[in-house]
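**Q** Before I ask anything, let me first share the structure, which is written out below as structure tokens.
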């Protein structure tokens with residue numbers, strides 16, 4: 001009973017809240033076809049029926065909430081108008097229909113909450129209709145009466161003359177109050193889950209009660225069928241007895257007529273005995289007629305009882321069909337609730353898995369951040385060490401520049417003077433060769449051995465001088481390279497001394513000291529004949545002099561490349 005009261009109170013909260021919200025959003029007067037309003041009346045009907053005492057009648061036990069509602073006119077005089085209007089309605093034949101009409105009229109009058117509070121405050125009057133643990137006798141009834149105050153903001157208009165309130169099926173449609181768990185967050189989601197669980201418990205309890213009532217109705221139907229068979233048997237026996245009595249009555253009539261005729265024809269002395277027989281026959285006839293009348297009355301009673309039983313059977317069959325339909329709809333709603341419960345459980349499991357995965361991912365990220373912090377510390381240490389090394393290298397470089405800058409400049413000046421001296425000697429050597437060649441051409445008839453000796457001697461002298469000149473240059477280069485290797489100098493601050501270019505052509509191996517050209521592609525030294533071509537290179541926009549092999553290679557490359 002406590003669970004039923006709690007479930008009914010939760011359903012009343014849901015229905016009242018949904019009705020107020022939908023009515024405010026709708027913004028118009030409500031009528032009897034509005035679905036949330038119909039569900040509100042169904043919920044109120046279940047609340048008023050909870051714990052109601054049953055009255056025993058000929059057709060069985062009857063539970064009606066019209067009795068407590070009829071008492072409201074004694075407590076609140078304004079309710080007398082509603083009660084009189086309900087009693088005057090022509091289409092209402094059952095107490096349930098009158099109670100439903102009373103609820104609708106009270107809502108139209110906007111005093112339903114006032115009437116319910118006045119009724120709940122009189123527990124001594126309600127104890128005649130309700131059990132001690134009923135909803136109207138406990139605190140839940142007062143809570144529902146307080147919630148009904150919010151319905152005063154609703155405007156409703158009903159036309160109950162053509163509405164069949166007696167045969168309506170009072171089944172709660174839970175699909176109007178069920179919502180998805182993902183649509184709300186936090187406490188709202190928990191409240192919806194608890195409300196759904198309360199609805200589920202109420203549906204299970206209502207299903208149990210419906211099963212019990214169906215079993216009771218089935219037992220009543222069986223008992224009525226048995227009594228019907230007994231009554232049919234008794235009716236058949238009564239019919240047989242009536243037929244026998246009719247036959248006896250006819251036989252008595254024949255005997256009496258025969259006796260009368262014989263009395264007319266026969267002598268008078270036998271009249272006394274004949275009169276006695278006639279009186280006895282009349283008495284017997286009266287008894288038989290009285291017996292026949294009693295049997296006919298009993299037959300009429302049996303026929304009326306049979307008609308009442310048939311009517312009761314039809315009503316029971318209709319009630320059973322309605323209860324079966326309601327049971328089917330409740331089972332469907334229960335299946336929907338179970339499916340929703342499974343879906344919520346699955347979503348809860350998936351959310352738990354997601355939380356676990358996120359926690360694992362957070363732990364991994366924390367480990368990675370710790371590792372990255374350690375590596376950042378190591379890199380900072382290395383950076384500090386590199387900064388220290390760079391600063392020390394810059395200091396050494398400055399010191400080296402201070403120590404060896406003047407020496408390097410002096411050595412470069414000496415190298416330049418030696419190269420100029422060498423070029424001057426090579427020029428003189430060339431002039432001497434040309435002079436000797438001219439002398440040899442002017443004196444052709446003399447022996448060749450004598451002039452060749454001084455020529456060879458001059459050549460040896462020039463080579464010795466070149467060797468003497470190259471030795472200090474090589475020594476200076478070697479010293480400078482050793483110093484640069486021991487103390488590296490920055491390329492931007494001090495360039496390295498260039499090596500001595502070769503004086504022979506790398507392609508034809510002829511002396512090109514006077515007409516040497518440097519290929520801008522391979523950086524080789526070539527004569528004029530071997531480097532007559534010019535091409536634009538990637539390093540320069542203008543055409544540069546290149547050797548013949550590089551010219552062929554670059555032409556092939558330019559011809560094969562698409563650009």
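Cβ coordinates come from backbone N, Cα and C, glycine included.
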**Q** For the feature region 'Disordered' as recorded in TrEMBL, pick the matching range from 259-284, 285-310, 311-336, 337-362.
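**A** Feature region 'Disordered' in TrEMBL: residues 259-284.
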**Q** With TrEMBL as the source, which of 429-460, 461-492, 493-524, 525-556 is set down as region 'Disordered'?
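**A** Of 429-460, 461-492, 493-524, 525-556, TrEMBL gives region 'Disordered' for 429-460.
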**Q** Tally the residues of the domain 'RUN' (31-163) by DSSP class, grouping H, G and I as helix, E and B as strand, and everything else as coil.
**A** 83 helix, 9 strand, 41 coil
**Q** Roughly where does the domain 'FYVE-type' (499-555) sit in mean pLDDT, to the nearest integer?
**A** 78
